[in-house]
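**Q** Attaching a single structure in structure tokens format; questions to follow.
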Amino acid sequence: MKSCWKKRELTFLILYALLFYIIIIRRSLQISHDYSHKVFGLRPGWVPDQLNDVSDAQWRNFRGKLHILTVVFGIFAFVANMLRAYCQLKAKGMAVVWLLISLIYLAYLHGACIIFVLSIASANFLLVKIFARTKYFSSALWTFNLFFLIYNRIHEGYSFSTFGQHWAYLDNFRGAFRWHICFNFVILRMISFGYDYHWAHQGSHFDQKKHIQRCHICKAGKACYLHLQERSVQNDKFSFSIYLCYLVYAPLYIAGPIVSFNAFASQLDMPQNNYSVRDVSWYGLRWLFSLFLMELMTHLFYYNAFAISGLWKQLSPMDVFIIGYGVLNFMWLKFFLMWRYFRLWSLICGIEAPENMPRCINNCYNLESFWKNWHASFNKWLVRYMYIPLGGSQRKLLNIWVIFTFVAIWHDLEWKLLSWAWLTCLFFVPEMILKSLANAFQAESAFGEFIFRELSAVAGSVTITCLMVANLVGYVIGPSGINWFISQFLQKEGLPILGGMFITFYVGTKVNHMTYPSIGSLVRVY
């Protein structure tokens with residue numbers, strides 16, 4: 001009886017979800033068609049009678065230069081792999097090879113500004129070597145890197161004329177890409193190198209034998225990413241050449257994913273073997289299919305164009321919800337494609353980096369799950385180099401404020417990003433309290449299980465709504481649009497839409513609970 005009821009309930013929930021997506025797709029097509037002459041950033045596309053939404057600068061630049069990047073990385077990968085194979089190069093030899101390749105790449109990207117990158121990196125290397133074995137290490141490392149993180153942005157990467165008029169001519173050779181934007185990733189790598197070197201001299205607390213017993217990858221005689229990250233490398237790997245190679249490694253330089261120094265240096269010595277040639281080829285084919293989906297999305301639905309044009313203010317609450325939901329899915333797919341592209345080339349070159357988008361955005365129904373699966377390599381970095389050193393779960397409520405403030409500043413010096421960070425922290429607090437209560441609650445009857453499942457679905461609905469609001473404030477409407485946004489959904493026309501949102505997210509959460517791991521695992525993005 002119970003099993004029969006669950007099947008009927010699941011059938012109803014799936015039918016509701018299908019109906020929801022049919023409504024969303026139809027209305028998205030309609031408003032995209034009706035407002036196509038008013039929104040910004042549309043260009044002629046390859047789909048007949050359809051314009052292409054290239055309003056997002058990141059996506060437009062990546063898409064426009066994809067063929068050049070592919071040729072360049074193809075040459076880099078061929079040269080590096082041939083030299084490794086024929087000269088039997090290990091860590092130090094490959095560090096020199098990749099350093100030379102990457103410096104050529106940086107010379108094109110940043111021109112003369114490569115001087116700033118190498119100067120700050122060299123100063124950080126000296127700081128780490130001097131302070132690594134002292135009690136002032138953490139303070140010195142963070143002060144140095146936070147100073148340049150903020151100062152680089154304030155001065156927009158500096159002008160050579162600031163250092164004297166005889167250097168002013170170098171301002172004419174600043175390259176094709178602003179160096180201080182990419183340098184945010186370099187800062188994460190400099191901190192990673194510093195802490196990994198610092199911890200190498202303190203002794204590792206990582207239990208390798210226990211880990212190998214639990215990890216199916218390591219059991220098979222390979223090395224998973226966690227094992228590579230937690231296992232300290234030999235002291236000679238902390239050389240200046242390997243350090244610089246790590247900072248400017250071409251496949252991961254522009255956008256990541258972020259790999260720890262320990263993991264990078266280990267694979268420089270011994271290339272990754274978790275992905276076979278067949279696995280990497282299949283990974284690339286799936287990426288091409290995802291690119292095709294993105295092209296269909298930007299030709300049919302102009303979500304991002306609505307957001308940057310400000311036309312969402314002219315739409316009904318239902319349409320605002322659709323645009324907001326669409327923008328988040330567009331952002332997810334954009335970053336998914338960019339990060340997987342660079343990770344693919346890194347795998348081809350023998351370095352495995354963490355997957356940045358291991359799970360689809362529509363399969364995350366709590367904040368913790370969302371942040372573990374959105375820019376996941378950054379999340380791993382934050383846990384290893386900030387969360388644990390700050391005290392871990394013992395100071396969780398305090399730590400999230402420090403961490404998310406850093407994340408906002410790392411992205412850019414904008415109030416809307418700080419607003420996004422602090423809103424996210426506010427939404428985290430009730431989730432943590434509810435999780436503690438849920439862990440303490442033990443369902444002792446069928447009715448208790450039912451109540452627990454319903455409350456979990458309601459909590460998931462609230463969390464997804466909060467995530468949408470926080471990300472819309474951070475990336476679409478800004479802090480100034482909060483009052484307008486709230487007023488639209490609290491008026492007579494908006495309240496039914498707000499109720500419908502909660503019901504839809506409630507259904508989505510229940511479907512996830514009831515089908516995981518059977519159907520839920522299918523909507524993961526491997």
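Glycine is no exception: its Cβ is also placed from the backbone N, Cα and C atoms.
For reference, TrEMBL lists these features for the protein:
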type     : residues : note
TRANSMEM : 12-29    : transmembrane segment
TRANSMEM : 66-83    : transmembrane segment
TRANSMEM : 95-121   : transmembrane segment
TRANSMEM : 136-154  : transmembrane segment
TRANSMEM : 175-195  : transmembrane segment
TRANSMEM : 240-264  : transmembrane segment
TRANSMEM : 285-308  : transmembrane segment
TRANSMEM : 320-337  : transmembrane segment
TRANSMEM : 455-477  : transmembrane segment
TRANSMEM : 489-508  : transmembrane segment
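A description of the local structural setting of each listed feature is requested, covering burial, neighbours and distances.
**A** Under 8 Å from some Cβ of the transmembrane segment (136-154) lie the Cβ atoms of residues 120, 123-124, 127-128, 180, 183-184, 187, 190-191, 194-195, 198, 389, 409-410, 412-413, all in the same chain and six or more residues away from its ends.
Same-chain residues lying 6 or more positions outside the transmembrane segment (489-508) and placing a CB less than 8 Å from one of its CB atoms are 13, 16-17, 20, 316-318, 321, 362, 365, 457-458, 460-462, 464-465.
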**Q** Might you confirm whether the transmembrane segment (175-195) is in contact with the transmembrane segment (12-29), defined here as three or more C-beta pairs under 8 A between residues 6 or more apart in sequence?
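**A** Checked: the transmembrane segment (12-29) vs the transmembrane segment (175-195), no contact.
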**Q** When you check the transmembrane segment (285-308) against the transmembrane segment (240-264), do you get at least 3 Cβ pairs under 8 Å, counting only pairs 6 or more apart in sequence?
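**A** They are not in contact.
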**Q** Do any residues, 6 or more residues outside the transmembrane segment (240-264), come within under 8 Å Cβ-to-Cβ of it, and if so which ones?
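**A** Residues 73, 76, 91-92, 94-96, 98-99, 101-103, 105-106, 109, 117-118, 121-122, 125, 177, 182, 185-186, 188-190, 192-193, 196-197, 225, 228-233, 338-339, 342-343, 345-346, 349, 351-356, 376-378, 380-381, 384.
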**Q** Would you mind listing the long-range same-chain contacts of the transmembrane segment (175-195), meaning Cβ under 8 Å and 6+ residues beyond its ends?
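**A** 107-114, 116-117, 120-121, 124-125, 127-128, 132, 137, 141-142, 145, 148-149, 152-153, 156-158, 238, 243, 246-248, 252-256, 258, 260-261, 378, 381, 384-385, 389, 410-411.
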